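One structure below.
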Amino acid sequence: MLKSRVILAMDKPLSYQVLKEMENELYGIKVGLPLVLDLGVDKTRELLIGLDVEEIIVDFKLADIGYIMKSIVERLSFANSFIAHSFIGVKGSLDELKRYLDANSKNLYLVAVMSHEGWSTLFADYIKNVIREISPKGIVVGGTKLDHITQYRRDFEKMTIVSPGMGSQGGSYGDAVCAGADYEIIGRSIYNAGNPLTALRTINKIIEDKVMKCKGAIFRKK
């Protein structure tokens, strides 16, 4: 049984000891570019290797031609999955990245809707067409956009939906899951806390209680 609905967004370092204490309370870890710029690739790898989490996701929001994106991900082999933007299109870009990841048993998430206020939905149909053509493992839909989560869950019933923007960006814990997301991505509310483990446990309890009320179960059947 999966342990949690929470993916820890790591944009700044936490000690290995703290991460080991939290591993049983997490689904996964999302590695942000600021963390890798601070530590470097080798130290980031050393920090994460040995952690018992379901998924390590590198979130550089890749947005380039296929050759460049492949050159980036091949240097980050410690990760299970990678996040890329959808708007860059398929041919010569996401198609090449997806083939490379498939060949190396890695997963792809595509950004569908970002969590910030300025994100435009004018190109939503185009984004959805790209997602359908690429068929990634999952999609990223901002946790502050609950109506969009519900819409994307309806349109992409079997895909994993991960939702950032919970806590510090204004999303309420548990709301994204109730709207249709599988996991909520939470960073600053945990890693900036005086006791990250206590903060994580508190958040997990809030999510569990809310999801039990809205869905009657902690995890959905796929």
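Just so it is clear, glycine is given a Cβ too, placed from its N, Cα and C backbone atoms.
Listed features, source Swiss-Prot:
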BINDING   D11, K30, 59-68, S115, 164-174, 187-188  substrate binding site
ACT_SITE  K61  active site, proton donor
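Under DSSP, G187 (substrate binding site) is assigned to coil, being neither helix nor strand in the three-state scheme. Within its own chain, D11 (substrate binding site) has G32, L33, P34, L35, G187, R188, Y191 as residues 6 or more apart in sequence whose C-beta sits under 8 angstroms from its own. Annotation note: G171 (substrate binding site) sits in a strand segment as assigned by DSSP.
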